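What follows is one structure encoded as structure tokens, with my remarks underneath.
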Amino acid sequence: MLRVRCLRGGSRGAEAVHYIGSRLGRTLTGWVQRTFQSTQAATASSRNSSAADDKATEPLPKDCPVSSYNEWDPLEEVIVGRAENACVPPFTIEVKANTNEKYWPFYQKHGGHYFPKDHLKKAVAEIEEMCNILKMEGVTVRRPDPIDWSLKYKTPDFESTGLYSAMPRDILIVVGNEIIEAPMAWRSRFFEYRAYRSIIKDYFHRGAKWTTAPKPTMADELYNQDYPIHSIEDRHKLAAQGKFVTTEFEPCFDAADFIRAGRDIFAQRSQVTNYLGIEWMRRHLAPDYRVHIISFKDPNPMHIDATFNIIGPGIVLSNPDRPCHQIDLFKKAGWTIITPPTPIIPDDHPLWMSSKWLSMNVLMLDEKRVMVDANEVPIQKMFEKLGITTIKVNIRNANSLGGGFHCWTCDVRRRGTLQSYLD
């Protein structure tokens with residue numbers, strides 16, 4: 001528009017055109033020079049950045065340090081939890097809904113403080129022995145960093161002390177070459193991931209995929225403040241309706257509510273895992289993996305592996321006290337359903353966070369070797385009849401903190417390939 005207007009002005013328009021052209025030429029020349037210099041600088045910066053990127057990520061090893069598709073392929077590397085500095089969680093609604101009524105006075109008295117010192121000392125010794133035996137069986141063992149879980153922390157929505165780093169199965173799940181951090185539902189576990197970060201960063205630098213699921217705010221809306229605690233009948237009724245102490249306010253799940261069988265992963269809606277959390281996993285893992293929701297006759301579900309533990313291709317231990325509602329799905333696929341014997345743990349042994357059925361919470365080292373409690377003779381005999389060698393370890397005091405061998409571990413690498421066992 002400026003050029004047209006100048007042309008209409010006669011000779012002064014021509015002079016204007018000449019003037020503007022000369023200025024434009026100088027401007028363009030300067031722009032080209034600056035652009036060229038900028039391009040050179042950007043190219044150099046890009047080269048430096050690429051070199052830095054290459055230095056950070058290359059060369060990648062041929063074999064990823066993280067690789068596991070199921071619960072039974074030959075175990076090569078595992079994370080084993082720590083009992084050190086374990087703290088009794090504050091007695092909040094989500095803890096109350098997940099614990100036995102006879103232990104509520106214990107939580108009310110000791111919440112926010114360390115578990116009994118002598119008991120922890122015994123548990124630490126048991127887990128050290130477990131680690132030594134795993135190493136003797138040829139398995140690489142990694143441990144989380146020691147942390148003082150008694151420290152109080154505060155977010156905009158709540159304040160709490162911590163719990164422990166005893167159960168890596170609760171917070172971590174490996175699917176193929178990816179390690180996923182779970183968005184757990186207990187407020188006392190909000191910062192539990194910190195104990196595992198140095199291990200996971202090492203795996204990431206060596207080529208593994210690392211995903212952290214959306215962390216919940218754990219605001220009051222995540223919990224049903226009126227959840228019926230005392231009535232088992234009400235709990236059964238609500239569980240059948242898919243209602244638990246956690247709401248659908250935001251996704252949450254414990255990794256221990258998922259169990260893997262190649263392309264098929266089975267999950268339960270529980271007191272700590274909601275449907276939004278399961279849906280997040282379903283979308284995240286699709287289309288290579290299929291996430292199936294299964295349920296059990298269980299008024300207080302929390303973690304699937306002491307209820308439904310897959311120990312081999314098409315072989316599952318199914319808790320007789322908590323039968324699976326979808327068991328026909330597995331029978332039609334030709335799976336072998338094994339009913340484990342009743343556990344023999346004494347009634348007076350403290351189980352602050354679990355049931356006696358930790359006896360079936362075993363760790364498969366491969367299809368023919370299983371790590372099992374040294375005290376649980378009936379289930380040892382069951383495995384021996386199946387042709388599976390039992391590796392006996394005593395972790396009775398470690399059981400009190402809420403887990404068996406499967407809970408106390410996260411299998412990082414198993415020697416195997418992705419297959420389908422349900423088709």
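Just so you know, glycine gets a Cβ as well, placed from its N, Cα and C.
Residues annotated as transit peptide in Swiss-Prot, with similarity to another entry given as evidence: 1-48.
Annotated compositional bias 'Low complexity' per Swiss-Prot: 39-51, in sequence order.
The feature compositional bias 'Basic and acidic residues' is assigned by Swiss-Prot to 52-61.
A coil conformation is recorded for Ser355 (arginine binding site) in the three-state DSSP classification, outside any helix or strand. A C-beta separation below 8 Å, combined with a sequence spacing of at least six in one chain, links Ser355 (arginine binding site) to Ala306. According to Swiss-Prot, the arginine binding site annotation covers Asp170, Asp305, Arg322, Ser354, Ser355.
Take the CB of Asp254 (active site) and look out to 10 A: across all protein chains shown you find 25 other CB atoms. Annotation comment: Swiss-Prot describes Asp254 (among others) as active site, evidence class similarity to another entry.
As annotated by Swiss-Prot, active site applies to His303 (among others). His303 (active site) carries neither a helix nor a strand DSSP state and counts as coil.
Counting only residues at least six positions away in the same chain, no Cβ atom sits under 8 Å from the Cβ of Lys385 (N6-acetyllysine). Look at Swiss-Prot and you will find Lys385 tagged as N6-acetyllysine, backed by similarity to another entry.
Reduced to three states, the DSSP call for Cys407 (active site, amidino-cysteine intermediate) is coil. The 10 Å shell around the Cβ of Cys407 (active site, amidino-cysteine intermediate) contains 26 further Cβ atoms across the protein chains shown. What Swiss-Prot lists as active site, amidino-cysteine intermediate is Cys407.
For the pair Arg322 (arginine binding site) and His303 (active site), the Cα-Cα distance reads 12 Å. In terms of local Cβ density within 10 Å, Asp170 ranks first among the binding-site residues Asp170, Asp305. Each of the recorded positions His303, Arg322 was ranked by the number of other C-beta atoms within 10 Å, and first place falls to His303. Overall, the recorded arginine-binding residues Asp170, Asp305, Arg322, Ser354, Ser355 cover a maximum inter-Cα distance of 20 Å.
Straight-line distance linking the Cα atoms of Ser354 (arginine binding site) and His303 (active site), rounded to a whole number, equals 10 Å. When Cβ atoms from all protein chains are considered, those within 10 Å of Ser354 (arginine binding site) total 21, not counting its own. According to DSSP, Asp254 (active site) is assigned to coil rather than to any helix or strand.
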